[in-house]
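All remarks here apply to the structure that follows.
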């Protein structure tokens, strides 16, 4: 502006002596108008630059859980004493500067200045969600919008469909339900802390969602005492996850097995048989029998609960022992065949190393036969040993009788051969007596050849 005025003065002086008064007046008017336009343009440019640098309100989106407090802040970097205003999604003014416009005790002023207007909304509900507007009353009015998101907190889940007790073999469906989540929650199932997959279903209920998850179970005895947990995952539960747990109780018939303390029982040894039964409810006291009847009344045979004890074994203890257990769902039993072996004699240690065990053939189909597999029942071994001993005894007797017959037959043949030669000698005409005939027969080879006979 100063440069323009200086140029104008110089130009005016140069032409002042040449122009008439009317022309001078017109020229002055034009000059003043030009100066006014220049000044107006300069001011407009200044305000435009100021507006670009900070004459717009700045806001941020806010997320809060239901029941929490939301702080809404509007800031301006450059403000020439222009008021700021907050309004709700219904375009109702909440605060104009530091002046409260809407009667709502939940809405409070936090900070008000020419560069900032911050308000708080406490005990937020789902209906508070929406677009909030901050306005800067310049010419024209400038606005900025911030979205308030309210998270619906899911309720604690509940598990339905559990029957107590369940029976082995039942098919049951566990259902987990949670309500009030926004956005929809996620439900996860765990079986003793190991995650299992369920079927999820989501239904909208107003502003919130109801979520269900179902888990199909085929109950067996291994499920007895297992904890099934339904856990809710949601952005509003980052610090305190919600979950529900139910422990499954399963009733099942007992199963019985006999555990023995000796692999190869021998005479004089101590043997304990234990009847191990598993069932729910717990089976009644077990019952022991021998060979289908009652146990013999012996001092060295003791029954204590589930245990049968032999303090000193002998051959009379051989037999089939059976234990039986039952509850209201069924009865189960197990058998143990006892064969008492003789005490082995002590043999000198062998210098030959034992042969290496041959690995079992996986294609062998006789694995359950105790006479084929390496893990044989000791009682089965005793039975085969008795059969072999009996066969060996019979063979020995036959051989002995055969030898005796051969010896007797040989002696008989030898005796009858001598009698025959004597009778031949006595029947000869030229023999004075039998003794002479025998002697001559032995001495005279030619004569003996004539009288010699053979027996086959």
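The backbone N, Cα and C atoms fix where each Cβ goes, and this holds for glycine too.
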Exercise. Of 308-344, 345-381, 382-418, which range does TrEMBL call region 'Disordered'?
Worked result: 345-381
For this session: Take every residue in the domain 'Ig-like' (157-249), average their pLDDT values, and give the whole-number result.
Result: 94
Exercise. What are the DSSP helix/strand/coil residue counts across the domain 'Ig-like' (57-149)?
Worked result: 3 helix, 48 strand, 42 coil
